[in-house]
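Colleague: Here's the feature list from Swiss-Prot:
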BINDING   Gly244, Pro245, Pro246, Gly247, Thr248, Gly249, Lys250, Ser251  ATP binding site
COMPBIAS  487-496  compositional bias 'Acidic residues'
COMPBIAS  497-506  compositional bias 'Basic and acidic residues'
REGION    462-506  region 'Disordered'
SIGNAL    1-20  signal peptide
Amino acid sequence: MKEYWTSLASLLGVLAFCQSLMNSVFPPELRFAISKLFNKFFKLFSTFCYFDITEIDGVNTNELYNAVQLYLSSSVSIAGNRLSLTRAVNSSSVTFGLSNNDSIVDTFNSVTVVWEHIVTQRQTQTFAWRPMPEEKRGFTLRIKKKDKNLILDSYLDYIMEKANEIRRLNQDRLLYTNSRGGSLDSRGLPWESVPFKHPSTFDTLAMDPVKKQQIMEDLKDFAECQSFYERTGRAWKRGYLLYGPPGTGKSSMIAAMANYLRYDIYDLELTEVKSNSELRKLLMKTSSKSIIVIEDIDCSINLTNRNKKQSTGSYNEPEMLTGSGLGDDLGDGNTITLSGLLNFTDGLWSCCGSERIFVFTTNHIEKLDPALLRSGRMDMHIHMSYCTFSSVKILLRNYLGFEEGDLNDVVLKELAEVVDRAEITPADVSEALIKNRRDKERAVRELLVDLRSRVERNEKNGKSRVQNVSLEEQENRAFDSLYAEENGGEEEEIEDNICKSSDDCS
């Protein structure tokens, strides 16, 4: 054993002497050339190729590095031995990551690859316009040469898609509102945000189940059909108009849409917008996968002069009143035009962003300009009506835990008879049930009493839904009359609640 250690020490001494001799005899340029030659020789016979993905590319952040980091976080939680744990701002879950200089094996299309997380110390900077992190981070991807052309491009595309999905699932949705008077927030953005945690879903929405299913299918088709919009040359956007009496669930519908698609919401307050250019800047700062909401649009727009000639013979441009609201003098504030909004919903500016939904709400559809309602701007008109028997059953299930079989047939029959004639909103039914939610039987009894009293009052005032046309028909009839008046009395048929106008303001 002693002879072994003696021989090893002698060998190390000889190697050290040879190295010092080479350093003194051979110049650095020659040594570098020899080292480069050996590396080429090694690569020639190596069966692997390597790809480095650094955290910072020059002075810019490498998007691919962040995508790889997110993608591997879904695998290392199971396969890794030493992990790093992080939780980003606005994130709802903890993210797993590879520790420094650790590696993990991944498989894609039956091809095995190896990822290694490389962390090294960066050289000290004497001066730099942009300070760099002290550590230099990156991933190294090792793939067999025979598999490189087979999977590399598709594998990286898959990583980007997977990372976007993980980011969307982990990040809490946000509710944005435009800053007052066009001011900027601390990050220089015109939108202020808070976490969006509204519990409304399509399951809890008091609405006809058939209509809900149609809306859900339409939303799903929109989110999954990017190729359709590209093929047909249309901007990837969709518009929904929610109309009906107050308290019928228009805001809950918007929240259910956002929760169903996992989109952010931008609540655009038009009274804080001063001009068309400011409106354009606001809308350009919205992100994809978002819902842009303008509530009570009939209260923000002056449409009384639309297509009516002044004494000079010219047409008035409809204006959105901003600043202090509709009740103030127009001379005291700035105005934006209806065309400024329409140009962004389906004009040239509609392509500045993708996968966005515009939602307008109103209590009086007959007050809206036909140009705002035509197809291509508001693609789907959704009437939020008074409670029906099916929506009352949903509310009984939500607030009292009642299923249809829990109520006796007499109560169900009476509910079915009076609810349509009562003209009661889901908000009123919800309030009646919340007050007595600890006593379910009493809650149902008081709801029936309230429904009967409303029926008697409506019949006394001649407003019974049985004797008169429905609210939805009244809205369409009012809009039809407005349309006919603007076209010299010509009558046009309005089908499927989609209003068509021959006057194109865009």
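Each residue, glycine too, has its Cβ placed from N, Cα and C.
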Colleague: What is the Cβ neighbour count of Gly247 (ATP binding site) at a 10 Å cut-off, with all protein chains included?
Modeller: 19
Colleague: Using a 10 Å cut-off, grab the number of neighbouring Cβ atoms around the Cβ of Ser251 (ATP binding site), all chains included.
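Modeller: Total other Cβ atoms inside 10 Å, all chains included: 17.
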Colleague: Tally every other Cβ atom lying within 10 Å of the Cβ atom of Gly244 (ATP binding site).
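Modeller: I get 23 for this one.
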Colleague: Among Pro245, Pro246, Gly249, all listed as binding-site residues, which has the most CB atoms within 10 Å of its CB?
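Modeller: Highest number of other Cβ atoms within 10 Å: Gly249.
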Colleague: Give the helix, strand or coil assignment DSSP yields for Gly249 (ATP binding site).
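Modeller: SS state of Gly249 (ATP binding site) = coil.
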Colleague: Going along the chain, which residues six or more apart from Lys250 (ATP binding site) have their CB under 8 A from its CB?
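Modeller: Residues satisfying the criterion: Leu242, Tyr243, Gly244, Glu295, Thr361, Met384.
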Colleague: Applying the rule Cβ within 8 Å of the centroid of the Cβ atoms of Gly244, Pro245, Pro246, Gly247, Thr248, Gly249, Lys250, Ser251, what extra residues of the same chain belong around the ATP site?
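Modeller: Neighbours found: Asn363, Met384, Thr425, Pro426, Ala427.
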